[in-house]
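One structure below.
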Amino acid sequence: MSTKTEATVKTKKVQWFWTWVIGSVILRLILVYFPKNLNLSSRPEVSTPLTSIRRLAEGYWLKQSSMSPYAGSMYHGSPLLLTLLGPLTVTKIEGQPDHLLCSLVFVMADVVTAMLICAAGKKLQVAYGSSLQSVGLHQLSQDSDILPSGDFAALVYLWNPFTIVACVGLSTSVIENLMIVLTLYGACTRVAPLAAFGWVIATHLSLYPAILIIPVVLLFGYGPDAPPRKLFLQRKNLEVDDSNSSDRNFFEDELVNKKRMLKVFSWRPVGLFLFWALLWSSYVLILCGIYVQQHGGLQEMFKRSYGFILTIQDLSPNIGVFWYFFAEVFDFFRSFFLIVFHGNILLLIVPLAIRLNHRPCFLAFVYIVLSSMLKSYPSVGDSALYLGLLGLFAYELKDMQYSFFLFSGYVGVSLFSPVMHNLWIWRGTGNANFYFATAIGYAFLQIILVIESVSAMLNHDRMLTKLTTAKLQNVKS
């Protein structure tokens, strides 16, 4: 293929990509003008006590009335969100829908998130292709470049109905998703201040992104996702065995250097990231302390935000399973089950990190799915994020089983959840079990997604190992 033809194809791909991006923005802007008919901001699948724009507006009104924004157990989010989004909730344009300015901010946040996913995907694809070439799998490297995973993941995120619903429903999970993706992008490009800023703000907003520090540290220490490290050593070992005696010393020295490179963990970028994380954390705490100094200080903020998350005080229905369980459990056992449920996330962190340490971005994806499944107040905005990030690994997970079942399951849950909620709350012809059944189904789908995606990735690594071993043995023989 000539250079001119390649340039033409590349230009068409770029035009096609931006056409779909602009189309998703236009769709959001159209839906923004029908909020009263859609009424998405009041849906329990979209807005939770932590992400509701109505609660944020109430907290801002309390603050403007010289009262604590946490008074009355209405608002439980960050004081920084009150500062940034609060004024937009009371600023109205005559003849325009309420919260129009907030809607525009959320649309821009979605677009920026998609662009960051696209950029991170391109970085991962280049690094992974070069890793495959270094172990001699040139054909696989060319195949992996056929599908632009970054563009694909960005479009999946923008056109995902969950993403659109969260944006139009004015769920602040959109801002949290932006910060998480900013963290991953900063870690992939090894820009420590950017990654630290995203991680600190994301953790400050919802606490659960704190576990992402493990894949971020691995990204800074080892670099982006790559085949298992033993493949590089295996290739060098076979090269040394196959070399002539005159060149054996040279290959042995090269092997020792390669082993040294593979085992050395780059502590300098990790230390730089931790320094910036400490700096940004101090800055955020100072700003929050100034904002709430007349209303109980930081202790009150921690109690009403992080304490609210960990103790699960609000038992209003959502697409999670905690609200139903803790509505039924005896108070005597409440503390025990709080430890059990929150401990499930912590128990899975270390084993997954050990097994997937060579794929830190995929590890971050798995952590995000687990936290979305086990968090106290989940929403569809959480699913929108990990389903978008799933597109980054389209090539590695192309053989994943039950893909159609998962797709059908998510569609079914999306359709049945509002129906069951209507039958229970408004028509009175059902009960809480109707709505809880969809929550159980939703959790079940996420469990299958985690199991199948991890299994598919490990099978892909095994395939790379077999191909590398077979190729090098053929060369040796």
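Every residue gets a Cβ built from N, Cα and C, even glycine.
Per TrEMBL, transmembrane segment is recorded for 16-34 (among others). Counting same-chain residues at least six beyond the ends of the transmembrane segment (16-34), those with a Cβ under 8 angstroms from any Cβ of the stretch are 97, 100, 103-104, 107, 110-111, 114, 151, 154-155, 158-159, 164, 167-168.
Taken from TrEMBL, the feature transmembrane segment covers 100-122 (among others).
Summarising the annotation, TrEMBL assigns transmembrane segment to 162-185 (among others). Residues 24, 27-28, 31-32, 35, 38, 40-41, 43, 45-48, 50-53, 56, 77, 81, 85, 99, 102-103, 106-107, 109-110, 112-113, 116-117, 119-120, 194-195, 197-199, 201-202, 205-206, 209, 212, 216, 219, 361, 364, 368, 379-385, 387-389, 414 of the same chain sit 6 or more residues outside the transmembrane segment (162-185) yet have a Cβ under 8 Å from a Cβ within it.
Annotation source TrEMBL lists transmembrane segment at 197-222 (among others).
Beyond the ends of the transmembrane segment (270-293), by six or more residues, the same chain brings 68-69, 78-80, 82-83, 187, 192-193, 195-197, 199-201, 204, 213, 216-217, 220-221, 300-301 to within a C-beta distance below 8 angstroms of the stretch. The transmembrane segment feature in TrEMBL is assigned to 270-293 (among others).
Residues or ranges marked as transmembrane segment in TrEMBL: 305-326 (among others). Residues 44-45, 48-50, 73, 76-78, 206-207, 334, 337-338, 341-342, 375-380, 413, 417, 421, 432, 435-436, 438-440, 442-443 of the same chain lie 6+ residues outside the transmembrane segment (305-326) yet bring a C-beta within less than 8 angstroms of a C-beta in it.
Sequence-distant contacts of the transmembrane segment (332-354) (same chain, six or more residues past either end, CB-CB distance under 8 Å): 208, 211, 214-215, 218, 310-312, 322, 325-326, 363, 366-367, 370-371, 374, 454. The transmembrane segment annotation in TrEMBL covers 332-354 (among others).
Sequence-distant contacts of the transmembrane segment (361-380) (same chain, at least 6 residues past either end, Cβ-Cβ under 8 Å): 45-51, 120, 124, 162, 165-166, 171, 173, 180, 184, 188, 206, 208-209, 211-212, 214-216, 218-219, 224-225, 309-310, 312, 314, 318-320, 322, 341-342, 344-345, 348-349, 352-353, 386, 389-390, 392-393, 396, 414, 443, 446-447, 449-450, 453-454, 457. TrEMBL lists 361-380 (among others) with the feature transmembrane segment.
Residues or ranges marked as transmembrane segment by TrEMBL: 400-420 (among others).
The feature transmembrane segment is assigned by TrEMBL to 432-451 (among others). Sequence-distant contacts of the transmembrane segment (432-451), counting only residues of its own chain at least 6 positions beyond either end whose CB sits under 8 Å from a CB of the stretch, comprise 317-321, 324, 327, 366, 369-370, 372-373, 383, 402, 405-406, 409-410, 412-413, 416-417, 420-421, 423-424.
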The answer for the transmembrane segment (197-222), taking Cβ pairs under 8 Å and residues 6+ beyond its ends, is 50, 77-78, 80-81, 172, 175-176, 179-188, 190, 265-267, 269-270, 272-273, 276-277, 280-281, 284, 306, 309-310, 345, 349, 353, 357-358, 360-361, 363-364, 367-368, 371, 375
